[in-house]
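See below for the structure under consideration.
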Amino acid sequence: MAANESAPRSHAGTGVTPLSGVGSAVWYDPNADLELGEPPAAEAVDPDAERERFEDARDRARAELERERERTAERVGEDEAAVFDAHKQFVDDPQIIDGVEAAVDDGLPAEHAVDAAFEDPIAQFEGMDGRMAERADDLRDVRDRLLRLLTDADRVDLASLSTGSILLAERLTPSDTAQLDPERVAGFATIEGGRTSHAAIFARSLGIPAVVGVGDDLESIDDGTDVLVDGEDGTVIADPTPDQRERAAGGRDVEIREEPVATADGRAVEVAANVGTLAELEGAVAQGADGIGLFRTEFLFLDREAPPDEDEQFEVYREALAAFPEGRVVVRTLDVGGDKPIPYLETPDADNPFLGQRGIRRSLGPDADLFETQLRALLRAAAAESGTLSVMFPMVATVPELEAALETVADVAADLESEGIEHERPELGAMIETPGAAFIAEELAERVDFLSIGTNDLTQYVMAAARENERVADLRDPCEPAVLRAIERTVAAADAGDAWVGMCGEMAGDPDLAPLLVGLGLDELSMSAVTIPEVKAAIADLETDAAEALANRATDAATRTTVYEHVNTTTDQ
Ligand code: PEP
Ligand code: MG
């Protein structure tokens, strides 16, 4: 077919994997055949029979969920599979069951009763921020599963989509995404969704090109249209030009470097991976990561009913270290609050959760017990493997906070010692994510082995532009001179305090910014594993002098536009 008869039409969204794919659009509307229509008159409904139908649907839903759990554990990983346990809990949720039974008693057939009983819980989660809002997806998923079972509607089989399909949907639920076969699906794009949605996380784990949050514009693409999904730029192009197709199909023409990398004149820069689950370790090793620069441990605490205990955490950290016997694994202690609430931890609503109790503030307050348990597991893991374990604290804003965290480590070490349990003091570090931390980076650096700059939060706080607010997305750019100067002074403070300094925000994974970041003096860059080869290649091409000259020009610039002019001049040379 002549792919370029029509002019290409480009739609912007959020890219969630730095991969591109071209294929034929297939719209997925899981509810197309779930129209329930008007319920029959109440007198025509036999409540006992409807209760039985509901029980039967629940039994079958549990069995399906168990099968999907196993399949996901095998294909994606145990941690990702845990979402199906959460779905099973929704199937057995007393509030929902009561709701269905009450509606059946009022004369509704089971399917209408299920539809009604899920309405309020879904609306409640929809009204919340960030990851909590994604629980609404989970609830819809469970509701639709029950409705399909009750109405015998066919389930669209996403696992057997034709090879070369680009899946388009309003949104994809966790169970939808887990079914996708990366060998067949060339990519997907959704109207809704953000970088932290389950669909995005699964896409990254499965290596599927994906763009989320495109908006209603996506609906202008018809079934069967040739579509390019560029997960790196965050664009979806209908009827791409031959050039665009070639670039996407050419895939990644980049060498995987397993060895550590240095600039052309010999300055070593560690390039590490950001992970949230053990399943991602394999990908990190495969992409040539020197180690892990950010293990987001909150993923271990999500989608379950209770926190993981000391032994479970010990095994996870030990396994992460075992993947890099000669490298370093930086584990961040629990960073909940803000956009990362965990239901069983009671993160109270706040008008502005990003400015509330999150990260270290919780670990030194309401989550002190969890903090100790996590530190015990970490200190034990440090002694159990040959790799270097580093532990860092998120959202530090003051010296007393850091000192209290360091003291807790010392107390935990003393407890383990007196209990005769093998342990080792890991390297300790502070994240620089708040303007406060950047301003007192000298005092922080003197007290730790390393600093790690979290540019995602640092940018939102320096620029006063919330991470999830699309209306201020333009301001949320780490190349704003104000952010660059915060990074510059953090690096200088680390040097003065004899601490190494890394970066683990999204900025670190942009190969075009590698010259700027090396020039700024970062010792380590940590990113999503898929971007490691490009960043290593960019570093290997650099001359340190030129990189430093660029960093000086960039930090002196008055505007972001000028910063990009300097960056692009260097990249184009
Ligand atoms: C950051 O803020 O840059 C960071 C790495 O932490 P997270 O994205 O998990 O908040
Ligand atoms: Mg952060």
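Using the three backbone atoms N, Cα and C, a Cβ is placed for every residue, glycine included.
Annotations in TrEMBL come from automatic prediction, not curation.
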Key: Candidate sharing the phosphoenolpyruvate site with Arg296, Asn456, Asp457, Arg467 (per TrEMBL), from Arg247, Arg257, Arg328, Arg332   = Arg332
Request  = Calculate the distance in Å between the alpha carbons (Cα) of Asn456 (phosphoenolpyruvate binding site) and Glu433 (Mg(2+) binding site), and round it to a whole number.
outcome  = 8
Ask   = If you count the other Cβ atoms within 10 Å of each Cβ, which of the binding-site residues Glu433, Asp457 comes out on top?
value = Glu433
Ask   = Per residue, counting other C-beta atoms within 10 angstroms of the C-beta, which of the recorded positions Arg296, Arg332, Arg467, Cys504 reaches the highest number?
value = Cys504
Query = If you count Cβ atoms within 10 Å of the Cβ of Asn456 (phosphoenolpyruvate binding site), leaving out that atom itself, what do you get?
reply = 17
Remark   = Reduced to three DSSP states, the domain 'Phosphotransferase system enzyme I N-terminal' (13-135) has 81 helix, 11 strand, 31 coil
Inquiry  = Can you give me the Cα-Cα distance between Arg296 (phosphoenolpyruvate binding site) and Cys504 (active site, proton donor) in Å, rounded to a whole number?
reply    = 11
